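Let me begin by presenting the structure, written as structure tokens, before commenting on it.
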Amino acid sequence: MSESESDYFTDGSEDDFVPTSKKSTKKNASSKSKQPLGDATNSTVSSSRSSTPKPTNASETYQKLSQLEHILKRPDTYIGSVEKTKTEMWCFDAETESMVFKEVTIVPGLYKIFDEILVNAADNKIRDPSMKNIRVKIDAENNIIEVMNDGKGIPIEMHTKENMYIPELIFGNLLTSSNYDDDQKKVTGGRNGFGAKLCNIFSTQFEVETADLNMGKLYKQSWTNNMSNVSKPKITTLRTKKEYTKITFRPDLSKFDMDCLDNDLLSVLRRRVYDLCGTVKNCNIYLNDKRLNISSFKGYVEMYVKAIKERSPEPEPQDGTIKNFTTIVHEVFNDRWEVAFAVSDGSFNQVSFVNSIATTSGGTHVKYVSDQIINKLVETLSKKEKGKKKLMIKPQEVRDNMFLFINCLIENPAFTSQTKEQLTTKVSQFGGKDKFVANDNLINRILKTSIVDKIRAIANANEDKALQKADGSRKSRIKGQVNLVDANKAGTKDGHNCTLILTEGLSAMNLAVAGLSVVGRDYYGCFPLRGKLLNVREASADQISKNAEINSLKQIIGLQHKKVYTAENIKSLRYGHIMIMTDQDQDGSHIKGLIINFLETSFPGLLDIPGFLLEFITPIVKVTVKARGAGGKRVIPFYTMPEFEHWRDTEGKQCRWTQKYYKGLGTSTPMEAREYFTALDRHLKRFHALQGEDKDYIDLAFSKKKADERKEWLQGFLPGTHLDPEITEIPISDFINKEFILFSMSDNVRSIPSVLDGFKPGQRKVLYGCFKKKLRSEIKVAQLAGYVSENTGYHHGEQSLVQTIIGLAQNFVGSNNINVLKPNGSFGSRAAGGKDFSAARYIFTELSEITRKIFNPLDDPLYTYVQDDEQTVEPEWYLPVLPMILVNGAEGIGTGWSTNIPSYNPKDLVTNIRRLMNGEELQEMTPWYKGWGGDLEPMGPQKFKVSGRIEQIDSNTVEITEIPVKTWTNNVKEFLLSGFGNEKTQPWIKDMEEHHTTSIRFVVKLTDAEMQKSLRIGLLERFKLVSSLSLANMVAFDPMGRIKKYNDVLEIIKDFYYVRLEYYQKRKDYMTDNLQNQLLMLSEQARFIKMIIEKQLSVANKKKKQLVALLEEHNFTKFSKDGKPIKSSEELLTGDDADEEEETQEQEGDEDVGNTSVANIQEGEPEQAAHVPETIYSSYDYLLGMAIWSLTYERFMRIMQQRDQKEAELNALLSKSAKDLWNQDLDEFLAEFDKFLLRDEQERESLASNGKKKSTKRRAKATATKDQPNNKKVKVEPKEKKSTSAKPIVKKEASNEPQASSSSKPKEKDDILSFFSSSSSSAKKTTKPSGRATSNKEIETITLFSDDDDDEDIFNLNSSSSTKVKKEAKSRSATPAAEKSKKSKSSGKQSILDELEDLEILGNFDKPEPKERRTRETASTTKRNTKKKPVIIDSDDEDEDEEDDIVMSDGDDDDDFIVDE
């Protein structure tokens, strides 16, 4: 033995060693083979088979080995393979002093015994944190390895049970360990009691040296011959104050079939020493007396990253394409977890340590960390890169680009084997308070590395691969597309000349197919889209690849994913053009936009080809003009509403026409489709090739990442924006900004109210329907929903409309401050926030009395009404007398925008409006909710604290008497019930009682301790009776129709104020014009009558043209049908055109009278209103159409009197300003609002006093009463003027208030607008004789000249001869043809001249004798579909006789006249 060897070991004399056992000594003495352990054993077995006979009994077959024998016999179970193995692994290159990843040939078992000693040294740092050094010496030449640490030494004392020193017990006896107590949680590497003993067993010499400072002793002992021989321990006095433990061993190379420690093994052993630099904190590591310069785990990791960079075949780009390729993301999470991340070179790498053990095969700890990082990376990238869609990438593909470094401490770790290469401990058993969590900080730092580019590249490649599966090609035939009508030339060499028509559904496809009969099937194909195309910009590749519509389009057109198309290679497609054929509405625009988005995103270049994308337009309106003469009818199509409106206001005034709206393609007939395709150039429009900012606008419209920019884009939208219908080539940016934006706005329009009336369109439609129906008596909500849906063009389902109606009628606390509809039934309560309403078929509603005080009917003619198909529906907005958006508040969520506006006290609003009128500064207002008794406290400029009410009523009882507004009773109850506790929580409420009526009252009992706790916390806070109210999101459509965010409530008031004031001026101007027109008309009628009476004007025996010329000669003013003076005769039909129009009207009058039988009316075909032009004759209808009873002196005087009255009204109106009119409305509103509040308070007090809600009274049927006996006719005496009309049969409800009725209440105002107004040129008044059952029709009269009294006269006149009327009515109803024969010779239009001739009293006005008696009652039994109604001219003088009442004819037939015998 060399001198160097004597430094490590004893002299080897026989006195120094004793055999550990006889059996092992003999065994080892006889086996001196230099073969590897495995080979030696196998050769022994094989030789025994050849030379030794087989055992003859079972005892010889079955053997028992000692533990030591078993380890030597089967080493792979304990230390791994003892054969040389080629493997790729990280090593330390001593020459370059760097890590390298290379293929080496090592014996894993030899590496493992060295590792066991290193782990023991590292474990001692856990036991003794004061340890400072670990020194490793590897003498390859002499085959000697030494590991020393200066931590606490091994106790040098005798083991009481085993009767040997503890160092000998630990290193020389198997299955000895300090780690067997599983109740004690340790984070060391030792586990099974083998460890260093394995190193001893596989060494020819093994020595331990340890210093125990406590005992003051130094202990030395050695083993030889594979731990078979052990020397006696040498114990001496410790001469230093330093403790240490040193292990020196000589590996038994023969057991590993090795002659020496080769370079491959040495490089792995050196790397393992470097591992300690990263895993053992605050400890100096020495290798062969050289201190290693790595002092942290991050520094250790950098060695690997540097090696990765050197291995990379491509240099790191300098242009930023791949960011921070060699960046290390390192983070220490706690004292047990330290993780570093780097980007790998395409395969997953990990270097991990569990309690300083190198887990080269990973394990549960590596999976635990990597899974978290991968999931968070994919999730975050999905949000950042592609919106909310999931990236098409597998976790393993992400893992392949990761290099993870993990240094962790696991309590009592478990491994797959004694080699400890792979951890198997469950995550739940890792121990420690805090485990590793991939937090946002770590993920965000990882996202700054090049892994983002790698993941994106992999995901894109996967997506492309998936999408390419559905690629099309130029085939002559496509299989599996049942709905495809393929062009005959598609897929051939002429395919690029073919056009594919994409239609909106199958119904539109029928229209296209009908058109193909004109252009042929060779170059035109057709395919229907089912619904709306997928937004591919935000969709995942998985969604796109599974979308049937997109796959069909790719196959039909022949599109290939990501192929860049040009004008040259477009011939590779089956179709060279796409024509979009959708409805001309917002949904149609959306479909066009989605197709553009699909092509721009998936097939770059297609939109750069001029003429590739086309659209087919159809008319929105068709006008049928009745041409005169032999020309017949003429049809004029209009493709935009502005175009139609211009024609209507110009050329349309000169002719008779009807209009038909084409809402969708399905409205057109196959014949019309052929007409469209015949004039294909007129109906085709091209989309301009991409230019300028087109791509940016497409991205703006469809990308979720552009949400903020889209919000600003929508905010800049101006109502009335539309594409120019004259352009033949549509720029895509214009399409997005002027057509597609209408669809984008539609959701906001439905969800966000107007600042002017506070309504959304659905609410506005309901109110319009109620006004149109004159809803003064209750109706079922279900019926009202049906009526509104039918009459206002509502297209979203009646159930949604039902909820809107219920919302307008709800009046519980927190709902509406003013409910414009009455809640007659269960409309929901505060308990559930109104969601607990009854079914619509069980509840009733009607207009509240206050509603028309808010929405004055005098404003109705001033609104701009929406056109929906042939219907005129609700106005664009109403103008209430005060801003209802602040009265009832508003909530809604739209696209990119939402709103939340609180409610305010109407009286405060009125005060501020009047302050604005007076030029005073506005006062700040506090939100107010009717009936709510809580507290509101400011918490800043735009926030309020909302508090309920709670009081302590005894030592352990509290009473809740109010809850925060918008917090519902059931929510509070649920919270209180949770206070009773459950299996997981302790109770803190003893008992709870409810005593609610219309108010809130909870009585809650607590324990003494909980009461004290509640008082410390605060009763409001403990019982969650505090919320907040924000003013920071008050969004509404401003008066210009643009979305606007209001900064404060006063800004809303100002926006409302100026528009409302402007419309009061418009109301005054409108009323002034009407009064002036009425004055002029009355004056002209009086002059006409006077000239007839004084025989200055003769109308007898003159033709129409002569009469008109005569009137023009006397400068009589011409009036239109709506009562407005006609300034120029150029606006009228004259000459032959006028004669032909008059003849047409007379003929239609005859047809109408002859076709009034119910049997002749065709069901399902509503009469279409035709526009009838004004003629020179109709302009004098107000004179020549007067009934002959008007030509009396009494009537002349009455008209003069009425003229004076109207003049007085006009002067009174002119004396008032717009503000005066507004103040008058506000006074009336406040008076009604006080009544409204009083009724509400009385109802609540009544319900509270009864302790429960009263049952709803049943709606009484109209039954006979004392004043109105059943089944009896009521005869009204002619001279009595108790009412202006017969009492109608009405349903009555019990009420403390007198019921208003048209028959009993006097007019509150002069009906100024009832005279020839444009919106209602004549107002209908319906009167009905009393009695429950009557066969008489309702008598319809048209109010003119404030004729309340004369209506009564006419009714009395009819009533006085009711018997004759009924008989005549019955006969006319039974025999309409016979009655027609009794008509005068001019049944179409009766002039004064004709009437005088019929009555044979021409020139005699003193004693008129009618030719036959006709009554209004008789005339009403026969339906006449005429446009003009008879007009009653009467006087307001109550002392006039009814004989003076005269009915002015409309000139349509004789039935208009009412005379007395």
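Just so you know, glycine gets a Cβ as well, placed from its N, Cα and C.
What Swiss-Prot says about this protein:
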type	residues	note
BINDING	Asn120, Asn149, 177-179, 190-197, 418-420	ATP binding site
REGION	382-389	region 'Interaction with DNA'
BINDING	Glu504, Asp583	Mg(2+) 1 binding site
SITE	Lys532	site 'Interaction with DNA'
SITE	Asn535	site 'Interaction with DNA'
SITE	Arg710	site 'Interaction with DNA'
SITE	Lys711	site 'Interaction with DNA'
DOMAIN	752-1226	domain 'Topo IIA-type catalytic'
SITE	Lys760	site 'Interaction with DNA'
SITE	Tyr794	site 'Interaction with DNA'
SITE	Ser800	site 'Interaction with DNA'
SITE	Arg841	site 'Transition state stabilizer'
SITE	Ile893	site 'Important for DNA bending'
SITE	Trp968	site 'Interaction with DNA'
REGION	1024-1033	region 'Interaction with DNA'
Where else in the chain does the region 'Interaction with DNA' (1024-1033) make close Cβ contacts, counting only residues six or more beyond its ends and a cut-off under 8 Å?
898-900, 902, 927, 936, 939, 942-950, 960, 962-967, 972, 975, 1045, 1048-1049
Over the region 'Interaction with DNA' (1024-1033), work out the mean pLDDT and round it to an integer.
93
Please identify, among the binding-site residues Asn120, Gly195, Lys197, Thr419, the one with the smallest Cα-Cα distance to Asn535 (site 'Interaction with DNA').
Thr419
Going by Cα-Cα distance, which of the recorded positions (Thr419, Lys532, Lys711) sits nearest to Arg841 (site 'Transition state stabilizer')?
Lys532
If you measure from the Cα of Glu504 (Mg(2+) 1 binding site), which of the recorded sites Lys760, Tyr794, Trp968 is the nearest?
Tyr794
Sequence-distant neighbours of Asp583 (Mg(2+) 1 binding site) in its chain (C-beta under 8 A, six or more apart):
Glu504, Ala508, Lys663, Gly664, Leu665
Pop the Cα-Cα gap between Arg710 (site 'Interaction with DNA') and Thr419 (ATP binding site) into the table, whole Å please.
61
Distance check, please: Cα of Lys532 (site 'Interaction with DNA') against Cα of Arg710 (site 'Interaction with DNA'), rounded to an integer number of angstrom.
21
Just name the winner among Lys197, Arg710 (the recorded positions) by count of other CB atoms within 10 A of its CB.
Lys197
Out of Asn120, Gly195, Lys197, point to the one nearest Lys760 (site 'Interaction with DNA') in space (Cα versus Cα); all of them are binding-site residues in the record.
Asn120
Considering Cα atoms only, can you say which of Asn120, Lys197, Tyr794, Ser800, Ile893 is the nearest neighbour of Lys711 (site 'Interaction with DNA') among these recorded positions?
Ile893
Work through the binding-site residues one by one (Asn120, Gly195, Lys197) and name whichever has its CA nearest to the CA of Ile893 (site 'Important for DNA bending').
Asn120
With DSSP helix as H/G/I and strand as E/B, how many residues of the region 'Interaction with DNA' (1024-1033) fall in helix, strand and coil?
0 helix, 5 strand, 5 coil
Counting every protein chain present, what is the number of Cβ atoms, excluding its own, within 10 Å of the Cβ of Lys711 (site 'Interaction with DNA')?
13
To the nearest whole angstrom, state the Cα distance for the pair Lys197 (ATP binding site) and Trp968 (site 'Interaction with DNA').
74
Recorded positions: Asn120, Thr419, Ser800 - member with fewest neighbouring CB atoms within 10 Å:
Ser800
So for Asn535 (site 'Interaction with DNA'), how many other CB atoms are inside 10 Å of its CB?
18
